[in-house]
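S.K.: Dropping the structure in here first, questions after.
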């Protein structure tokens, strides 16, 4: 269905309580004094006065109430408590100037406020002697010609299918096609490429995978219906990830990790000059979206000293019941069997079960003693993994392919996965409230920072030796489509949730404003 002309919906309905006498003057004063702070004197005043009125700190995403003089931490919910007790539902974030509505539970957009914010930002930049991060767009001759031939502007409606496009299978390349579908429907990645944010610094842009992905996004969202032929993408993947070269069937999960790695390496120059305190920190779009932090706590069984390490991750690989992993806790009444070289387990396993198994303490045993820094000797220990930092997009890899010296098989155990997922119980901050790895329902229903929504599912049909990959993609909130190479068909939510599941892609429901 083509896009059609529509009237855009109104913004936040709760702004009326703020837009009263002299509201523009008051808002300009807030931006000048507490957000942009163009002069050195204003910056000193901001550093001195902008602290949380509850805890006295200024590092926890400080917000200012728009209805009264109150500064509060967003991370520690001090501004939330103020909003609830005073019924002051609007606040401004003091780092980037976003307006947050506590009734909408999200940052909101208002054209009038945006104009004031941009004007005050430009004034501050001028006082500081700096320019805008991105220059004003000037259309090329080719773009001017295109604009002449396309004078009407189209807006995407809830029934629009722009962005859905089939991909030609170039010879056992379904593993690549399903991952491309998931990446091109990742909201923040789509916004990055469609806003022309990539700045290629490679000597040969034709060998840059990020440039090719940018072209791919343009193809997907051009409105064309015919299947796209991703021959150049395949060539670049073969060039930069030699282990994937050739026309034999490959693992979709392996392709995902290889593609993210190449994109990460080719994104040099896209961080817009941002510098982190950690020189090893990368701020490219791939790391911003997909990188999380996995905390590993090793506890000595003698002195109970804890050694903690934090490692980055792009995906979370989860064991399944029916694998050769000896410590999988089968639920009462479950039975396992092997049929035609494939492992099956009766009963229903959930994604939460797999995450509970992933984050429970594991006794390392006497054969894996570590040298304890407290005891200064080798001792038995336990190891527990938790999430220190969650990525914007969480990819869960269900380990269905088992390779060992004795056997090679596919595990077809059905795993039930939800449309919405709360990762709070598996956070490092929730570890103390979880006894011996037992799952506990989070008590803070207002904590939305760790909540995710499903937007893509990759499935594998067939056996380990011969199979085929397809994917389900969420186009709008409740519209799903099945992508089978060049064929795109509409799917129901039941179709998605009843599928076997190999790779599950979840997107954060609420994002920090930046």
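Keep in mind that glycine also has a Cβ here, set from the backbone N, Cα and C atoms.
Residues annotated as active site, nucleophile in Swiss-Prot: 174. According to Swiss-Prot, the feature active site, proton acceptor maps to 468. Annotation comment: Swiss-Prot describes 12, 14, 101, 104 as Zn(2+) 1 binding site, evidence class sequence analysis. Swiss-Prot lists 52, 55, 73, 78 with the feature Zn(2+) 2 binding site. According to Swiss-Prot, the feature Zn(2+) 3 binding site maps to 65, 68, 82, 88. Look at Swiss-Prot and you will find 118 tagged as N6-acetyllysine, backed by similarity to another entry. Positions annotated as phosphothreonine by Swiss-Prot, on the basis of similarity to another entry: 136. Residues or ranges marked as phosphoserine by Swiss-Prot on the basis of similarity to another entry: 226. Taken from Swiss-Prot, the feature zinc finger covers 10-127, and the record attributes it to sequence analysis.
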S.K.: Residue counts in helix (H, G, I), strand (E, B) and coil for the zinc finger (10-127), per DSSP?
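M.R.: DSSP classes over the zinc finger (10-127) add up to 52 helix, 17 strand, 49 coil.
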S.K.: What other residues of this chain sit with their CB within 8 A of the center of the CB atoms of 12, 14, 101, 104, the recorded Zn(2+) 1 site?
M.R.: 13, 15, 89, 90, 102, 103, 106, 108
S.K.: Tell me, how many other CB atoms lie within 10 A of the CB of residue 14 (Zn(2+) 1 binding site), whichever protein chain they belong to?
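M.R.: For residue 14 (Zn(2+) 1 binding site), the count of other Cβ atoms within 10 Å is 14.
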S.K.: Residue 78 (Zn(2+) 2 binding site): which of the recorded positions 12, 88, 468 is the nearest Cα neighbour?
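M.R.: Closest by Cα: 88.
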S.K.: Tell me, roughly as an integer, the mean pLDDT over the zinc finger (10-127).
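M.R.: For the zinc finger (10-127), the model's average pLDDT rounds to 87.
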S.K.: When DSSP is mapped onto helix/strand/coil, what comes out for the residue listed as 'active site, nucleophile'?
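M.R.: The three-state answer is helix.
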S.K.: Measuring CB to CB from residue 73 (Zn(2+) 2 binding site), give everything in the same chain under 8 Å that is also at least six residues away in sequence.
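M.R.: Counting only residues 6 or more apart in sequence, the Cβ neighbours of residue 73 (Zn(2+) 2 binding site) under 8 Å are 52, 54, 55, 57, 60, 61, 62, 63, 79.
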S.K.: What is the separation, in Å, between the Cα atoms of residue 12 (Zn(2+) 1 binding site) and residue 226 (phosphoserine)?
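M.R.: Their Cα atoms are separated by 39 Å.
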S.K.: Here are the binding-site residues: 78, 88. Which has the lowest count of other Cβ atoms within 10 Å?
M.R.: 88
S.K.: Identify all same-chain residues not among 52, 55, 73, 78 whose C-beta atom falls within 8 angstroms of the centroid of the Zn(2+) 2 site's C-beta atoms; report them in sequence order.
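M.R.: Leaving out the recorded residues gives 53, 54, 56, 57, 60, 62, 71, 72, 76, 79.
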S.K.: Under 8 Å between C-beta atoms and at least six apart in sequence, can you list the same-chain neighbours of residue 65 (Zn(2+) 3 binding site), or say none if there are none?
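M.R.: 71, 72, 79, 82, 83, 86, 88, 90, 91 - these are the non-local Cβ neighbours of residue 65 (Zn(2+) 3 binding site), listed in sequence order.
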S.K.: To the nearest whole angstrom, state the Cα distance for the pair the residue listed as 'active site, nucleophile' and the residue listed as 'N6-acetyllysine'.
M.R.: 45
S.K.: Tell me the Cβ contacts of residue 118 (N6-acetyllysine) under 8 Å, same chain only and six or more apart in sequence, or just say none.
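M.R.: Those within reach of residue 118 (N6-acetyllysine), by Cβ under 8 Å and sequence separation of 6 or more, number none.
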S.K.: Residue 68 (Zn(2+) 3 binding site): which of the recorded positions 101, 104, 226, 468 is the nearest Cα neighbour?
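M.R.: The answer is 101.
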S.K.: Closest to the residue listed as 'phosphoserine': which of the recorded positions 14, 101, 104, 468, going by Cα position?
M.R.: 468
S.K.: Cβ-Cβ under 8 Å from residue 104 (Zn(2+) 1 binding site), same chain, 6 or more residues apart: which ones?
M.R.: 12, 14
